[in-house]
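**Student:** I'd like to ask you about the structure that follows.
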Amino acid sequence: FSQCDNAKGLKAFYDAIKYGPNHLMVFGGVCATVTSIIAESLKGWNLVQLSFAATTPELADKKKYPYFFRTVPSDNAVNPAILKLLKHYHWKRVGTLTQDVQRFSEVRNDLTGVLYGEDIEISDTESFSNDPCTSVKKLKGNDVRIILGQFDEEMAVKVFCCAYDEEMYGSKYQWIIPGWYENLWWESWINSSQCLSKNLLAAMEGYIGVDFEPLSSKTNKTISGRTPQQYEKEYNAKRGDGQSSKFHGYAYDGIWVIARTLQRAMNYLNSTNKHQKIEDFDYTNHKLGKIFLNAMNETRFFGVTGEVVFRNGERMGTIKFTQFQEQKEVKVGEYNAVDDKLVIINNSIRFQGLEPPKDKTIIQEELRKISLPLYSILSALTILGMIMASAFLFFNIKNRNQKLIKMSSPYMNNLIILGGMLSYASIFLFGLDGSFVSEKTFETLCTVRTWILTVGYTTAFGAMFAKTWRVHAIFKNVKMKKKIIKDQKLLGIVGGMLLIDLCILICWQVVDPLRRTVEKYNMEPDPAGRDISIRPILEHCENTHMTIWLGIVYAYKGLLMLFGCFLAWETRNVSIPALNDSKYIGMSVYNVGIMCIIGAAVSFLTRDQPNVQFCIVALVIIFCSTITLCLVFVPKLITLRTNPDAATQNRRFQFTQNQKKEDSKTSTSVTSVNQASTSRLEGLQSENHRLRMKITELDKDLEEVTMQLQDTPEKTTYIKQNHYQDLNDILSIRNFTDSKDGEKAILKNHLDQNPPAQWGSSDPSRTNKDPIEDINSPEHIQRRLSLQLPILHHAYLPSIGGVDASCASPCVSPSASPRHRHVPPSFRVMVSGL
């Protein structure tokens, strides 16, 4: 019986039992449902059943079907072969895709048991009823590369269409599916799918089918005396045009199994019980039933399907592997279950890539490191910068006694150079990553480079701002007192700034130290085309509260820069170039601030590109350090080469009205200071301007006196009484620097005590005297004035910044009064040693 109609199959079996002769065995059973029902009931009749076509795994249960045998391997027999294939290609991670049918589910469950404990992971198990696309997508999402499928031909078409849509084919994927499909099976179901035939064939290319071997490929003679090839030829000749079945070889070998079983049973009976024969068997003879069962289980011979061996009723057969190559299936290997041996035929398996697919996406972590050529180039630039800084240091030390260098505070200049060199040195540390140093060393470098850069920045700009603060403190000294600020005090200021830095850095290190962290980025394809994915990793120096600590450091440095800008603005009008670096400080602060802001922003945006980030950080440090050092020292070098005295001399300013108003509030006296002191230039210039105005008024008075003396000699009395004191006051101006209070007293006497008199008045007491005898007669006064006025102009003007004192008038008489002699300039300012 071979019907799949359960009712007819069972009726045929029971009719044979009831109405036929006693049967020794049952041969057959193709339909799994009928076979399973009959096999379960055979124990009651002590009948052994041998099937040649029932492959359902359910029949392998010996507790339920103890009298069932089959010459065809079970569907589960492919699982040991699959295990062997997976081990052969070192695939340790697979996924399963199963149609929701009992037959396929049983195979999948058995496969799980086979793979368990063999160091092969089933990473995903998917099943479907009608639409496999969702399951296929999940497999791809779980990075399953080796897919073990269990489904029929109709579902296979749908599966490969979905695989094409999800790009789960080609060199990165390997499909292993049942190999018992009919020849050209896809052509029958292509119309039911929604994908094109070429797309379906593209997705199918390279799949491996697993199925039992219909006929042995060996050329050995079988138990019948024929080779498998001879048998096949004879079978095809007798079959003619009839339909071929792949089970014909197993049916042929099944006949021989029954024959050998009966022979073994007869031999056993003859050797143990000579009175009992196999003809004595009936359905109640339990003893003969056991003899037949044991004899079949021990049967072994070489048949047309290969070595025929049973293990617990299951055929230990040969499993073949076929591969879909160029629209046809090609046998590529076979697995012998008896010997547990896999044979690949002459490396006939063709993979889509250069090598077998990987069982998962091989993620190769690759440290993104700084390029050695880039590091070398930037290091060379850094070394050049340090050489330049060393040259400036040599220049500063060598010329430290020069007035220009001494006035610019050489010790502070050395600190500026030291800060620049520390900043340069930090570049070498920023370029050292995991490709150069160990993880522990890298973590140490995280702290060291932060400290060096922070201290270098504060040292350079702190020293620069300290110098500017001293100039500001001197020139903004409203009380006009002698003020000396030594370098020791400036060093203390810089030390205080560094102390703040150290407090911040120490707290940072103790509370939340920098650690080495590894950031992983999205996978990238291998540039060399290998079936691997590159996962870039990047080392960072970070801690828990990185933002807070950076905010504190940036805030402090920002306040320091603002303080420097304030000092530069306040001292912008200081007229001694050796002292006034405000313009260069402003330029330096501007360039450093802009570059730091741009560098920090770009560095943050390129944190996943270490070469770009390092290049930007290094160039920003090099630029800022170089521009700062050049702005401080290049002008001094040029000035010292060309005109060293010009930088230490005062330059006149043209004051605006606002400057005049501001300067008028300060003291009107002038103080002369030496090199170790400071100069009150702005106050002196204001005083100079005021005295110019005063001398203009006095000149007008002298001119009026001269004119009146020439025109009206009668006014002698007025001149004597009212202007004699004025003339003496004019002559005493030359000594105004000797006593500040005395000068004020003279002016007060001139303005307050001698108000202008009326030219018509006269002194009666002098009208009767002899003009010749009176030394204050108009003739005497006119003669004196003709000699004194040129002397006054030449002697007085140099003391208030007028003509040079050396240009004395040649008309000065040697016999002139000491009050009328050439007045040496008493108003000189010496400012140095700041």
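The backbone N, Cα and C atoms fix where each Cβ goes, and this holds for glycine too.
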**Student:** TrEMBL lists transmembrane segment for one of the ranges 184-205, 448-469; which is that range?
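**Tutor:** Residues 448-469 are the ones TrEMBL records as transmembrane segment.
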**Student:** Take the transmembrane segment (448-469) and find every residue of the same chain, 6 or more past its ends, with a Cβ under 8 Å from one of its Cβ atoms.
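**Tutor:** 408-409, 412-413, 415-416, 418-423, 425-426, 429-430, 490, 493-494, 497-498, 501, 505, 514, 541, 553, 557, 560-561, 563-564, 567-568, 571, 581-582, 585, 588, 592, 621, 625, 628, 632.
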**Student:** With contact taken as 3 or more Cβ pairs under 8 angstroms (pairs 6 or more apart in sequence), are the transmembrane segment (372-395) and the transmembrane segment (548-569) in contact?
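**Tutor:** These two segments do not touch.
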**Student:** On the 0 to 100 scale, where does the mean pLDDT of the domain 'G-protein coupled receptors family 3 profile' (374-656) fall?
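**Tutor:** Here the predicted model's pLDDT, averaged over the domain 'G-protein coupled receptors family 3 profile' (374-656), is 80.
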